[in-house]
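TrEMBL has this to say about the protein:
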{"type": "TRANSMEM", "residues": "B:53-84", "note": "transmembrane segment"}
{"type": "TRANSMEM", "residues": "B:105-132", "note": "transmembrane segment"}
{"type": "TRANSMEM", "residues": "B:152-170", "note": "transmembrane segment"}
{"type": "TRANSMEM", "residues": "B:200-220", "note": "transmembrane segment"}
{"type": "TRANSMEM", "residues": "B:226-246", "note": "transmembrane segment"}
{"type": "TRANSMEM", "residues": "B:283-300", "note": "transmembrane segment"}
{"type": "TRANSMEM", "residues": "B:320-342", "note": "transmembrane segment"}
{"type": "TRANSMEM", "residues": "B:363-396", "note": "transmembrane segment"}
{"type": "TRANSMEM", "residues": "B:408-432", "note": "transmembrane segment"}
Amino acid sequence: MTDASPAPPTVEARDVEKVYADGASAVAAVRGVSLVLRRGEMVAVVGPSGSGKSTFLSCLAGLERPTSGSVRVLGHDLATAGARTLALLRRERIGFVFQAYNLVSSLTAQENVELPLRLAGGRTSARSAASAALAQVGLLEQADRRPAELSGGQQQRVAIARALAVRPDVVFADEPTGALDTASGSGVLHLLRGLAEEGGSVLLVTHDVVGAATADRVLVLRDGSAVAELRAPIPELVLAALDGARQTS
Amino acid sequence: MTALLRLGYAELRAGLTVWLGVLAVSATAGLATGLAVSPVVTATDTPGVAALALYGLSGTTLAFTAVAVGITVASVAELTLALLRRRLALWLLAGVTPAQTSAVALGQLVVVALVGAAAGAGLAVVAAPWLVGLAIEDVAGLAGVRVHLGEVGAAVAAAAVVVLATISGVRPARRAGRIVGADPRRDAGTERTAMGKGRWALAIATVAALAAVAVGARGADDPETAVLLVAPLAATALVALAPTFAADGVRRWTGLVARQPAATWLLARAQTGELLRRSSGPLGPLVTVVALGGGIPAAHVAAGEAAGSRQPDASGASGLLLLLALPLFVTLVGSATAVVMSDRERTTDAAVALSVGATRAQVVTAALAHVLIVVVSATAVGLLAVAATCATAAWAFGPGSAVAGAPTALASVGVAAALCAVVQAAALLPAVARATRQRRHDDAPPPPQG
């Protein structure tokens, strides 16, 4: 896959493979996929169920170690980076948004958003930064509520606020709108798009065709391999690419 | 019916950590109750003065053990159903009726408690001649007495534990089967433990008994026994009233520690508060350890001072050992088990913390901070029972005796609190290590699960 944008890369993945071995059998979830993600760019990864898109994102985010290939995030080779380096990256320069929100159930929305900032030692600035992030997602008035007291859409917006509060260089989002209604999902995508427009990078895994079309590029996976890349996509083209991938998988 | 039995069995397997905790606590309770009952059983077929000595020894031992077993079994039963409430909420979504859900949940608790209690009481049959015999061999009038428990004694001990577990589980089981709103899973996440009529009745009765014992200690035929009874009665009242103050109390004092807390303190504080909001079970056994561990020695020293004795006598030490050992054994096992049972939620929170940049050291520090918060909170509450003991000793024997007992009380509380902290940390750290362990060839934390 080639790339003509002059902006510096934040994520560089070369020939990433991930094989899960279980005794005598082995399953290749990702087969030699490459991707370069640049500053100010939002890239969506789509594909049929089982195409390896979530595994690919996990490899790029450092949540899974590829079987082969290389991944560099913000200049760090994930294969050689130590545990402390990875923790610092996750804390200060990378944001994660998961389909299951993954908020700490015993913390309030405010405290969940403050968490990475406090882990970084920024106690005095954590509160104000978290409040600003919650205001950005429209949840400042729910700051003292716990996750169980919020709707699914509100919980996902808290998760995004937590990702945004650290002003990350790159956000990895795995099906962030999967459990949300159309309106809430649209709001989440708008926030992610806003991050890219402010100079950050967003890698989004989604099965939502309309959501994918908000990205600058769309990478289509099938059976662990990249089969197409769309630039400045519209929903109809994304849908056609997905249908093509489904029919031949 | 078959479907419900299958569901109950499947859930026992799925929630294995929690149910193994119930098994461990009920086995420990069965063992301790059996050992405490063995002097009574032995006395029934022992002639003369020895029988009287056995009855005298067994009375307070049984009372203290009963309190410790009661608090621990009740706490763990409540904690069990609180931890399983979200899973039980899924049964409601699947169409199981509230009554069926409550019945199956309570049935699981009773079955597991029965198996554990029977195993523990069976072990007591074997262990009583050796353990209790060793404890009383230096007691005057009991040399050569062969302690035994027998099948009937073991059955009574096991039955007592099962009855306790059943009574303690009725209310939480009924709550587990209650649909509060449209989404039972959501309500299970916001459910809070509360004072029910049974709890209020127990608290009022215990406070009344405490007042009667304390006031009547002066001029009583056996003032030492009256003073000894203050600590377990006060512990029972405090544990019964725990839902009214535990969660808020922890929130308030931990909020005083730092205006801008570190992330590890924030996590530990929030997790402890949330756990206590859902169940005061984690606190009960620890409060009992501190109350009995500090109150019993304080009462013994105060009584000895009042009697003018300067050297501890062997029979007093042996009796004290039996009085302390069984309750402390039960409550320490209960507190450690409560920690292990809460493992799953701690693991999930640890994974989330790691995913947002916590280091392993920070996750471990948060876990140790949780232990500190729980132990300090339990010690503060248990100290109230110890203070009540010292106050009653001052009333019964005079201020001098109470003052004599105070250093022993404080030292004993310190030892009890340290023991609690060590046991809790030992139970907690393996789970934390598991949650943060490196996967093969991979430094990344396991992805958080929904």
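Cβ atoms are placed via backbone N, Cα and C, with glycine included.
In this chain, the transmembrane segment (B:363-396) lies apart from the transmembrane segment (B:320-342): fewer than three C-beta pairs between them fall below 8 angstroms, excluding pairs fewer than 6 positions apart.
Using a Cβ-Cβ cut-off under 8 Å and counting only residues 6 or more beyond its ends in the same chain, the transmembrane segment (B:53-84) has close neighbours at 11, 15, 18-19, 21-22, 25-26, 28-29, 32-33, 35-37, 39-40, 42-43, 46, 105, 109, 113, 136, 139-142, 145, 160-161, 164-165, 167-169, 172-173, 175-176, 191, 193, 225, 228-229, 232-233, 235-236, 239, 278-285, 287-288, 292, 296, 319, 322-323, 326-328, 330-331, 333-334, 337-338, 341-342, 344-345. Distant neighbours of the transmembrane segment (B:105-132): 8, 11-12, 19, 22-35, 37-39, 73, 77, 80-81, 84, 88, 146-151, 153-155, 157-159, 161-162, 165-166, 169-170, 172-173, 176-177, 322; these residues of the same chain sit at least 6 beyond its ends, with a Cβ under 8 Å from one of its Cβ atoms. Same-chain residues lying 6+ beyond the ends of the transmembrane segment (B:226-246) with a Cβ under 8 Å from its Cβ atoms: 60, 63-64, 67-68, 70-71, 74-75, 193-195, 199, 202-203, 206-207, 209-210, 213-214, 216-217, 220, 276, 280, 283-284, 287-288, 291-292, 294-296, 299-300, 302-303, 323, 327, 377, 381-382, 384-386, 388-389, 392-393, 396-397. Distant neighbours of the transmembrane segment (B:200-220): 226-227, 229-230, 233-234, 236-237, 240-241, 388, 391-392, 395-396; these residues of the same chain sit at least 6 beyond its ends, with a Cβ under 8 Å from one of its Cβ atoms. Counting residues 6+ beyond its ends, the transmembrane segment (B:408-432) has Cβ neighbours under 8 Å at 286, 289-290, 293-298, 301, 328, 332, 335-337, 339-340, 343, 346-347, 350, 363-364, 367-368, 370-372, 374-376, 378-379, 382-383, 386, 389-390 in the same chain.
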